[in-house]
Amino acid sequence: MADQVKERTLEETSTWAVAVVCFVLLFISIVLEHSIHKIGTWFKKKHKQALFEALEKVKAELMLLGFISLLLTIGQTPISNICISQKVASTMHPCSAAEEAKKYGKKDAGKKDDGDGDKPGRRLLLELAESYIHRRSLATKGYDKCAEKGKVAFVSAYGIHQLHIFIFVLAVVHVVYCIVTYAFGKIKMRTWKSWEEETKTIEYQYSNDPERFRFARDTSFGRRHLNFWSKTRVTLWIVCFFRQFFGSVTKVDYLALRHGFIMAHFAPGNESRFDFRKYIQRSLEKDFKTVVEISPVIWFVAVLFLLTNSYGLRSYLWLPFIPLVVILIVGTKLEVIITKLGLRIQEKGDVVRGAPVVQPGDDLFWFGKPRFILFLIHLVLFTNAFQLAFFAWSTYEFNLNNCFHESTADVVIRLVVGAVVQILCSYVTLPLYALVTQMGSKMKPTVFNDRVATALKKWHHTAKNETKHGRHSGSNTPFSSRPTTPTHGSSPIHLLHNFNNRSVENYPSSPSPRYSGHGHHEHQFWDPESQHQEAETSTHHSLAHESSEPVLASVELPPIRTSKSLRDFSFKK
């Protein structure tokens, strides 16, 4: 009979067939590995450290998939040999009993086999289906050991094989989906470049002259947000809900939030020198590393989604709408935060001087954590990717008409809602998130570019080693006079917030122009986006001082007194 036909082993297989399969698998694997390595090299060459770290996360996900694949392959036979009763196995199926009987030739649950009532055609169909499944299974002997005991396998060998494919499809679709969303969001944010360049024009500086006094409601930012609907919570959320669909990020909002960020974190006079758009791009690249990763919490959510595919739960009516509802709430919340920033301006007074200054703060965000919004966006992207991956996998395995898609409406709902969520994430929520989350109480480490950040980390690491080994003196003499400490060019003291407010008495008289006259005013803020040529000029200038007057040049580094002073500066990820 057909169900007694067993698959051939390697002893019965041609060696050339085995060699061809191994060659193809190795060739594809080597090409993929080499491609990933080339992409990583390109990211390093372009100084895209955040994207390189995101690529490392993708490689970690691929390694995790390799472990899952190995475990499924090894545990396929032991798992399929676990037997459970037919009563337990008949619960929570994707198909109804009638659908299973029609599709697989199984009798309805609860009916006993009387031997005469079963139609010969149905019996033949059952035998054909079972033999087909056994032929396609991996590492099976072609028969079900549990059937001999009158029981059912916990998960059949072929079922594990199908699950194996789905997990791989889910991971790949999630990564691709995140990349597409990030790319579309970057395209949407290209318009910000012209806004950023406008801040360096004379017209912008004149219109925002600090000597000008205006009513808060008469400013462009005030006219957009200070209205009657912003006085009550209900009308505020309703208006912000619809506002996200029509110009979620406007020029007025961008310029106001940019000005507030710079005034909160930098010394006055640096507004035209700081590139806020590039800072947002670096922050978004770093957040992309988190989004592209499938964390244990996200894997747990995937398991819950698999559980909801039981017949009777009708998951197709509510599961696709979860990411849609969440992303709409997140977008509304981000719009509400912008409006509340405007209301804070009015609370300080009806008259503003120059450009309106918004006051950032973590209290504007849920639970006082701006990163919580990133988690919700991560959850939305994964949920939507899960819907797409599950649809593609189930269609490939069981055709379009299957138990997971009970009707055409199910397919339409999944695809339409998935497309809507994709558009909202890319063109509405992601640009809003990138801008509004900068309004927290603290600025992110990405305020420095990769070159400056690397110098800061090296300086901090060297300073910690000096303190740890007790190589500094207890006086105010700076430790930088020692040859192993960072030089003037790598000292980050002039990068720190409120540096201009520190007492100049801690720094003895120095020939450096930074602490005298016009030079001090000009270099009070080291522009992270300065050109490489300027950095080289500064480096050569400091080397000249070190060669001629090493003692005086070393005075420009901050002193290290105790380990507590080191904790005042940290560069954590």
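Cβ coordinates are placed from backbone N, Cα and C, and glycine is handled just like the others.
These numbers come from a predicted model, not from an experiment.
Going by Swiss-Prot topology annotations, Glu11 is found across the membrane from Trp459.
Noted from Swiss-Prot: of Ser491, Ser512, the annotation phosphoserine belongs to Ser512. Stretch with the most C-beta contacts under 8 angstroms to the transmembrane segment (165-185), considering only 62-82, 288-308, 318-338, 372-392: 372-392. Contact between the transmembrane segment (318-338) and the transmembrane segment (416-436) is present: at least three CB pairs lie under 8 Å, with pairs separated by 6 or more positions in sequence.
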